[in-house]
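Student: Straight out of TrEMBL:
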TRANSMEM  21-40  transmembrane segment
DOMAIN    59-176  domain 'ABC3 transporter permease C-terminal'
TRANSMEM  60-81  transmembrane segment
TRANSMEM  102-130  transmembrane segment
TRANSMEM  150-173  transmembrane segment
TRANSMEM  194-216  transmembrane segment
TRANSMEM  222-246  transmembrane segment
TRANSMEM  278-299  transmembrane segment
TRANSMEM  484-506  transmembrane segment
TRANSMEM  540-560  transmembrane segment
TRANSMEM  572-593  transmembrane segment
Amino acid sequence: MNFQGIMKKNMLFHARKYISIYIVYALIVTLLFLFASLLYNEAIIQTLKPSYYQNLQLALGMVVAFSVLFITYAAVSFLKYRGQELGTYITLGMTSKQVIRLLSFEQLMITGISLATGLLAGIVFGKLFYLGFQQFIRIPELTFQLNTASFSITIAIFLSIMMVTFFLSALYIKRLALVQLIRAKTLKDATKGSYLLGFISILLFVGSLWVVPYAMENRHETLLKIAIALTLLTPYFMIGAGLLVMKRIMKIFPLFYQRLMLTLSNVTHRLRAFQTTLYLVMIMLGGSIVFIGLAYVLYASTEEMNDASNPASYMYVTSKDWQGLDEQSETFDFVVDNYARQIQGEWGKPLDIIVVSKTQYENYMHEKITTPALIRNDKELKPFKTPIKWNGTVLKDVQHLSRAVTNSSLFGYNIQEILVVDDPSIYQGDIFTVHKLGHKVSKAEALAYEEKLKSINKVDQIPSQYEPASKELELESDFQRTGLALFIASFIGLLFVLASGIVLFYKVLSDLPAQKEYMQSLERIGLRRREKKQLIRNELRILFFTPFFLSVMLVSYYFYLFFHRFPNTWDYMQKLGLVVIVFFVIQFIFYSYSRVRCEWETNL
């Protein structure tokens, strides 16, 4: 039999081993193709704002970066799993060059099949993918289009990644000694964890959880950054210490300890390898939950937030330099002035603020207030109470209120706060007037009003400070913005989840030869088949669910801190809960597949 025949027989004999790596490659091709088809869809190019389209391009760049990292990781891990097989070929007389040639044939076959099936899957599921995208972005008449550019960019990116991967694989084979190659898949890290380091890490972690809200409340930026960094870094050491501490605590309960003794002993023996893997997966899962959780909350709350930020259907601003509409409206005048806040005993830099007289404010809002009053132009947010200085004088007995006075985007988003004073003489210099139309203005009417304002003022483009605020137009734009954010976050989050699954699966896969030897040793001391199965399942549960629950705990904490000032905080937490449930199901699927594969490989 010649060498080509050996390559073909080897490929067919080990076909089952290639399934996992093939699935990874084909899935990456499908994702790249679907994403590329969006970038070259004419309806998307014409409808999305340039900034939104740039975000889509940036997301593709992130997808490519993740593809490079995790295809490379999967390929090298797969080589490690096959180390004994490749080492055997060398002992039988094959040179490293021939082994690399064998790998190149396998890589070529897997790449070709993955590329073909990945593109086919992209074509088959393209309409469903576009249907989901249309629900997010709400672009009318969006259809799935096949174009040359989508195929070209997908093939070019994927083949480039595979060339880099093959180069790294060849380098791995050349640099690894024969003995290392044969034992590559059985080598373990066997290092001891530090109780002292773990105990200090736990103290720092708990302390930083307390410091974060304190620093946020008092605006200590440096302290906040340090505390956040500690909450993210200390779990690495806590994971290792946790396994050791758990083992020591369980020794107090002999019956319970004996049930898990073998599991804990095996895990703690390879503490460093498990510790690094668990921490890496925790970060990836936490990142994906944050991406998708925040985006989902924003998308699900789009209409609610639009209502809160737009108390009127249509508003605009006029001045001596800008004329308005003939429509009847409610109005109030304001001027732009400077004020300063005192934070931590020091006066900040002067900031622009809208100043309104008490009479005009009360007539417009139909409520009586005491002055001076600082109004936060958002009824959903609590006022930020600090000493105020205006016109060189520190204001006494300032009333801090939260009210929806104008649409948030009015006057170029510069009406964030309003200072109300009982002083009609403020109206000097440049005076602006806010107009609020009393009836509901549709999208068509809003567009017509914009054209009318351009015509009256003889301009082609309305200046940003005079841009009218239409609730209907902003709702459409908000859905595009939050929908695109949710789509991109889901896409990137999916890659994070796949990456964590790949890391965990190949961790299990690379440990299988050692696991076989371990199971044989346990069989010699009398362990039954059912007990060995239970041992494997216990180890896999630690591997798959410890990082999941740690990431959920940390993300939930920061999620609550981020939204706790909002009146409907628990609604947002419930939306995060839905995302967590979906992630748990995905993680359970990875766990179940790895468990079945591990039991099959160890003949259980």
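Using N, Cα and C of the backbone, Cβ positions are placed for all residues, glycine too.
Heads up, TrEMBL stuff is auto-annotated, nobody curated it.
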Student: Other than its close neighbours in sequence, what residues sit by the transmembrane segment (60-81), given a CB gap under 8 Å and a spacing of at least six beyond its ends?
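Tutor: Answer is 17, 20-21, 24-25, 28, 31-32, 35-36, 39, 103, 157-158, 161-162, 164-165, 168-169, 172-173, 184-185, 491-492, 495-496, 498-499, 502-503, 506-507, 509-510, 512.
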Student: Given pairs 6 or more apart, does the transmembrane segment (150-173) have at least three Cβ pairs under 8 Å with the transmembrane segment (21-40)?
Tutor: yes
Student: For the transmembrane segment (102-130), give me same-chain residues lying six or more residues beyond its boundaries with a C-beta closer than 8 angstroms to one of its C-beta atoms, as numbers and ranges.
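Tutor: Distant Cβ neighbours of the transmembrane segment (102-130) are 6-7, 10-11, 18, 21-22, 25-30, 32-34, 37, 79, 89, 94, 142-144, 146, 151, 154-155, 158-159, 162, 165-166, 169-170, 173.
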Student: Could you name the stretch, out of 21-40, 278-299, 484-506, with the greatest number of CB pairs under 8 A to the transmembrane segment (540-560)?
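Tutor: Maximum Cβ contact count belongs to 278-299.
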Student: Tell me, roughly as an integer, the mean pLDDT over the domain 'ABC3 transporter permease C-terminal' (59-176).
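Tutor: Its mean pLDDT is 79.
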Student: How about long-range neighbours of the transmembrane segment (484-506): same chain, 6 or more residues beyond its ends, C-beta under 8 Å?
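Tutor: Distant Cβ neighbours of the transmembrane segment (484-506) are 20, 24, 27, 31, 35, 48, 52, 55-56, 59, 62-63, 66-67, 69-70, 73-74, 77-78, 81, 132-133, 136-137, 277, 280-281, 284-285, 287-289, 291-292, 294-296, 298-299, 543-544, 547, 583, 586-587, 590, 593-594, 597.
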Student: For the transmembrane segment (21-40), could you work out the same-chain residues 6 or more beyond its ends whose Cβ comes under 8 Å from its Cβ atoms?
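Tutor: Tertiary neighbours of the transmembrane segment (21-40) are 56-57, 59-60, 63-64, 67, 70-71, 74-75, 78, 110-111, 113-115, 117-119, 121-122, 125-126, 129, 133, 144-147, 149-151, 153-154, 157-158, 161-162, 491, 494-495, 498, 502.
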Student: Count the residues of the domain 'ABC3 transporter permease C-terminal' (59-176) that DSSP assigns to helix (H, G, I), to strand (E, B) and to coil, and report the three numbers in that order.
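Tutor: So the counts come to 102 helix, 0 strand, 16 coil.
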